[in-house]
């Protein structure tokens with residue numbers, strides 16, 4: 001039988017087309033399976049909110065910028081959520097179940113009859129008294145947030161210290177009490193921000209990102225690399241806040257991150273206790289055995305992935321990353337990570353110090369310090385002795401840092417002298433003409449020893465980051481919380497469908513599975529334990545085999561533009577509103593209402609209130625926006641104008657009029 005060549009050709013073409021369709025279909029199915037294998041990777045449709053339910057007058061009364069929210073729809077589940085371009089930062093609540101109103105402040109408000117007029121523990125607490133927060137103060141603060149802010153914010157940054165200080169020998173703190181109180185606080189917060197009637201305990205209408213404080217551990221300040229009882233217990237307490245795929249990594253280092261806007265914006269909870277000088281288990285961040293070294297590697301892997309996905313991130317933690325608080329090697333390295341990933345990191349949010357202020361960090365000074373350390377003629381023993389002395393001082397300061405403010409004015413004046421005046425000098429000496437820049441290029445490499453090279457304004461902006469330290473709920477001063485506003489006006493210009501760029505990336509499940517293997521390969525089981533590190537091993541800071549120190553980041557690629565903390569764009573911070581509870585007025589009003597015969601419950605609800613203390617737009621130093629350059633110019637203004645500095649200090653101490661005690 002003769003073969004028809006045309007039929008053969010036709011069948012061949014049909015076969016090819018069929019195989020192409022099969023291949024494309026398979027690719028489509030695989031791609032979709034890959035895309036939706038994790039809840040954190042999916043598309044989000046963006047639309048405007050056409051409802052008339054926006055209460056402009058209420059927003060204005062809260063000091064907020066009046067705006068309509070944006071609606072995002074999860075294309076996988078169909079769930080809708082509103083974005084307001086705002087988030088809440090709350091820290092250091094320090095609730096004290098032993099607080100008794102009417103007792104003696106000298107007895108930390110736990111017992112005893114007052115011996116003088118000002119020695120009496122007030123109903124809502126006394127600013128600057130040294131007592132922790134009454135349970136009532138915490139409850140009323142959370143109740144005020146529930147009634148006034150919950151429906152105005154997109155997420156919550158919660159930076160720890162959810163237990164009283166260990167300042168009463170009659171009632172010594174126990175590990176069980178610490179866990180129990182943290183569980184109680186966590187449940188209160190879950191109740192406020194969870195999606196109503198949802199069967200999923202992880203379904204939050206407003207995502208919450210907690211961090212561990214130095215008083216949330218037992219003994220306070222001391223926290224070792226996991227897995228430990230404490231890391232496991234905090235995962236049990238916070239499991240609903242932490243993405244499931246990060247459980248094993250959290251069990252190791254008590255750090256994690258949450259996509260508060262999936263595929264676009266994250267908040268990273270960084271366990272600052274592994275870099276904290278006052279933690280007896282922290283020697284440095286140079287030894288591979290050290291918790292801080294290992295945590296910085298984790299940070300690097302996560303930031304790389306966030307950068308790869310085109311996302312942006314806020315860093316949050318309890319202890320602020322300033323030289324006073326961190327081991328010098330930890331401070332230097334952490335600051336470098338903040339700088340080299342400035343294309344994705346928006347900023348850092350911290351608590352612990354109970355004062356409302358900011359600290360500029362100059363990466364050029366950091367690099368110079370690291371070079372000087374390498375060139376130092378100090379012997380290894382001398383360096384170790386110096387480190388031990390610094391850590392002992394830090395531990396003593398941390399022990400003294402209870403609720404009562406001590407030498408806070410002196411500290412803040414030190415920030416002015418060390419940081420703000422340094423910024424002023426840099427800005428005043430900045431080279432700004434093309435001729436100056438050309439001369440600078442020609443002189444490059446001829447820098448005289450001890451002489452600081454001048455920079456352009458743009459270089460100064462680029463080489464700084466800002467550490468944001470928030471006021472606290474505990475009445476060290478007046479209780480305070482802060483709402484940040486950020487740019488979502490460009491959100492519809494970005495893409496009508498968020499997450500389109502996420503289609504090509506692996507699920508977070510696979511990423512963290514891979515990361516766990518990488519960390520295990522880097523630090524095998526025998527080496528990962530902090531306790532396995534001998535003193536001799538800890539002293540070896542330099543690698544004899546010449547391998548690069550992975551806890552130091554690579555330089556940011558030049559082609560990557562600066563991120564939302566440096567240039568105004570989507571997610572850039574634009575304004576903040578500082579709220580405070582004026583305890584003198586509140587306690588006085590409560591007493592008056594009780595004297596008039598009002599029931600206690602009614603008097604409490606009528607007397608208590610948070611009000612706007614100030615906003616970043618307020619005189620006498622209104623800020624156009626909250627970029628790094630805006631903070632640097634504010635620092636310079638504060639350094640040159642004593643009148644502005646006095647107002648800044650009054651705000652830093654939350655309108656209490658605090659001054660250091662004079663001898």
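Glycine residues also receive a Cβ, built from the backbone N, Cα and C atoms like all the rest.
Sequence-distant contacts of the compositional bias 'Basic and acidic residues' (546-559) (same chain, six or more residues past either end, CB-CB distance under 8 Å): 285-286, 292-293, 296-297, 300, 333, 336-337, 339-343, 522. Summarising the annotation, Swiss-Prot assigns compositional bias 'Basic and acidic residues' to 546-559.
The feature N-linked glycosylation site is assigned by Swiss-Prot to 487 (among others), with sequence analysis given as support. Listed in sequence order, 85, 564, 568, 569, 570, 571, 572, 573, 574 are the same-chain residues at least 6 apart in sequence whose CB falls under 8 Å from the CB of residue 487 (N-linked glycosylation site).
For 526 (among others), the entry in Swiss-Prot reads N-linked glycosylation site.
The region 'Disordered' annotation in Swiss-Prot covers 534-564.
Residues or ranges marked as topological domain 'Cytoplasmic' by Swiss-Prot on the basis of sequence analysis: 1-14.
As annotated by Swiss-Prot, topological domain 'Vacuolar' applies to 36-663.
According to Swiss-Prot, the transmembrane segment annotation covers 15-35, on the basis of sequence analysis.
With helix defined as DSSP H, G or I and strand as E or B, the compositional bias 'Basic and acidic residues' (546-559) counts 0 helix, 0 strand, 14 coil.
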